[in-house]
Amino acid sequence: SDLRQMLATKSVENIQFLPFLTTDANNLSWLGYGCLKGDGTVITVNAIGAALQTLYILVYLYYSPAKRPVLLQVLLLLAVVVTGYGYFTILVDTGTRLTHLGLFCSIFTITMYLSPLADLAKVVRSKSTRFLSFPLTVTTLVASSSWTLYGLQLHDPYITVPNVPGIVTSLVRFWLFQRYRPEQDKPYSPLPA
């Protein structure tokens, strides 16, 4: 929906850039994990995710009036990715490389899933869910549940464990949607019938 909004309005107004950037970094990290492990599912999903996030970044950059900060953040991401690649290929021995990369990816994913907690606090304070995206909540629950089940099937804790917070935060969001129903946000009251 953010991409559609940017294309329709030809503007990045009210759209945050950081989620695009961090999701791209997350996809690239998991892509590296999938390549190292030889897991076609992880490779395919994260290659597509990285390509889509890169497209979002390019569209954001195109419509952004302040290109310099966006470019600096992209360059910082590239520096982190190159540094990480160098660390995992040069400094970490082959026997522990998969473990170190899996741990890094897990921590990064957990951080991403827990980052919306500030929004959840805003919802509770305002007693309004207008700050939350219901489709994103559904998608997060489906994706994190799928990855958790896939990780369990493979007995891979690096895939299983970081996706559990995604399930938990999605369930909390669903509870908030139920607790603070969207119709409560309407500034008018219905006419009596």
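Every residue, even glycine, has its Cβ placed from backbone N, Cα and C.
All TrEMBL annotations are machine predictions without curation.
What TrEMBL records for this protein:
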TRANSMEM  43-63  transmembrane segment
TRANSMEM  70-92  transmembrane segment
TRANSMEM  98-119  transmembrane segment
TRANSMEM  131-152  transmembrane segment
TRANSMEM  158-176  transmembrane segment
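Across 43-63, 70-92, 158-176, the stretch most heavily in contact with the transmembrane segment (98-119), judged by Cβ pairs under 8 Å, is 158-176. A Cβ distance under 8 Å defines the sequence-distant neighbours of the transmembrane segment (158-176), meaning residues of its chain 6+ beyond its ends; these are 33, 42, 102-103, 105-110, 113-114, 116-117, 120, 123-124, 129, 132, 137-138, 140-141, 143-145, 147-148, 150-152.
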